[in-house]
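One structure coming up, written as structure tokens, with questions to follow.
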Amino acid sequence: MVLIRVLANLLILQLSYAQKSSELIIGGDECNINEHRSLVLMYYDGHQCDGTLINEEWVLTAAHCDGENMEIQLGVHSKKVPNEDVQTRVPKEKFFCDSNKTYARWNKDIMLIRLDRPVSNSAHIAPLSLPSSPPSVGSVCRIMGWGTFSTTQETYPDVPHCANINIHDFEVCQAAYPGLPATNRILCAGILEGGKDTCKGDSGGPLICNGEIQGIVSWGGHLCGNVLEPGIYTKVFDHLEWIRSIIAGNTDATCPL
């Protein structure tokens with residue numbers, strides 16, 4: 001798993017934490033074919049990420065999933081036996097919190113992609129709602145993706161896997177990852193007993209609570225699904241104004257500090 005190398009002065013983070021970029025769900029089961037209509041599969045530079053369709057022309061994912069030669073697939077369940085309504089797109093434009101595409105702060109691992117042409121809703125394709133309010137601590141939320149389901153070797157599934165995890169206090173993640181900046185623009189989510197988690201290949205995918213996208217898979221412990229090591233998710237609610245401004249055409253909009 002790729003080690004975090006964002007803040008040079010946070011050496012302990014560099015040594016201990018792993019980003020889930022080019023990063024299946026650990027401890028999950030095959031998703032119901034109808035429950036992930038907004039889930040997007042992305043390939044770039046030989047890597048894999050996930051994303052979320054939020055309207056017919058826009059996909060929300062992680063900034064660290066940016067790369068060249070990106071292909072975006074919608075309506076996918078089985079990679080080997082594609083659905084008849086699978087649609088493929090490429091980015092028309094990409095937007096980041098910072099114009100230099102950096103996400104040095106842990107609250108800026110977010111990217112908004114405008115597709116080259118609109119997507120048509122179908123049996124296996126539909127957008128997911130943006131959050132109406134932030135999730136409360138203790139909420140049960142859904143993770144999903146085509147990432148590896150093994151913590152010891154990269155074993156990727158043919159179909160996406162899903163699992164339920166819980167929202168935790170930010171302090172839980174601060175205790176798990178010493179040196180984590182005191183910011184409230186991320187969500188701390190997972191199973192403290194371990195065994196269920198996002199992992200390599202799930203980056204950029206959604207954390208779904210009550211039918212809304214509340215988080216974007218960002219990073220976590222060096223081994224996925226470890227005890228007392230929840231995952232770190234970009235908090236979508238805190239970026240709503242930026243998202244809506246970009247979609248409305250205000251490309252100079254900036255993310256919250």
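In case you wondered, yes, glycine gets a Cβ from its N, Cα and C as well.
According to Swiss-Prot:
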- 1-18: signal peptide (SIGNAL)
- 25-248: domain 'Peptidase S1' (DOMAIN)
- Cys31-Cys162: disulfide bond (DISULFID)
- Cys49-Cys65: disulfide bond (DISULFID)
- His64: active site, charge relay system (ACT_SITE)
- Cys97-Cys255: disulfide bond (DISULFID)
- Asn100: N-linked glycosylation site (CARBOHYD)
- Asp109: active site, charge relay system (ACT_SITE)
- Cys141-Cys209: disulfide bond (DISULFID)
- Cys173-Cys188: disulfide bond (DISULFID)
- Cys199-Cys224: disulfide bond (DISULFID)
- Ser203: active site, charge relay system (ACT_SITE)
Which whole-number value in Å describes the distance between the Cα atoms of His64 (active site, charge relay system) and Asp109 (active site, charge relay system)?
6
Determine the most Cβ-crowded residue among the disulfide-bonded residues Cys97, Cys173, Cys188, Cys199, using a 10 Å radius around each Cβ and all protein chains in the structure.
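Per the Cβ count, the most surrounded site is Cys199.
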Among the disulfide-bonded residues Cys49, Cys162, Cys224, whose Cβ has the fewest other Cβ atoms within 10 Å?
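Comparing Cβ neighbour counts within 10 Å for the disulfide-bonded residues Cys49, Cys162, Cys224 gives Cys162.
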In whole Å, how far is Ser203 (active site, charge relay system) from Cys31 (disulfide bond) when you measure between their Cα atoms?
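With distance taken Cα to Cα, Ser203 (active site, charge relay system) is 17 Å from Cys31 (disulfide bond).
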Which recorded positions (Asp109, Cys162, Cys188, Cys199, Ser203, Cys255) fall within 10 Å of Cys65 (disulfide bond) by Cα distance?
Asp109, Ser203
In Å, rounded, how far does the Cα of Cys255 (disulfide bond) sit from the Cα of Asp109 (active site, charge relay system)?
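About 11 Å separate the Cα atoms of these two residues.
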